[in-house]
Amino acid sequence: AFCKYNGEQCTSDGQCCNGRCRTAFMGKICMG
């Protein structure tokens, strides 16, 4: 499974390489 880097869009916490999937202005993004 591929993971998303910080600043990239995500749909769940498990998708993020580091940090968590959090709600931002434009949907959800990975933030550490």
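Just so it is clear, glycine is given a Cβ too, placed from its N, Cα and C backbone atoms.
The secondary structure of CYS17 (disulfide bond), as reduced to three states from DSSP, is coil rather than helix or strand. Annotation comment: Swiss-Prot describes CYS3-CYS17 (among others) as disulfide bond.
Summarising the environment of CYS10 (disulfide bond), the number of other Cβ atoms within 10 Å of its Cβ, over all protein chains shown, is 21. The annotation disulfide bond is assigned in Swiss-Prot to CYS10-CYS21 (among others).
In sequence order, LYS4, TYR5, ASN6, GLY7, GLU8, CYS10, GLN15, CYS16, CYS17, ASN18, GLY19, ARG20, CYS21, ARG22 are the residues of the chain that are 6 or more apart from CYS30 (disulfide bond) and have a CB within less than 8 Å of its CB. Residues annotated as disulfide bond in Swiss-Prot, with similarity to another entry given as evidence: CYS16-CYS30 (among others).
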Per-residue Cβ crowding (10 Å cut-off), top of disulfide-bonded residues CYS3, CYS17, CYS21: CYS21
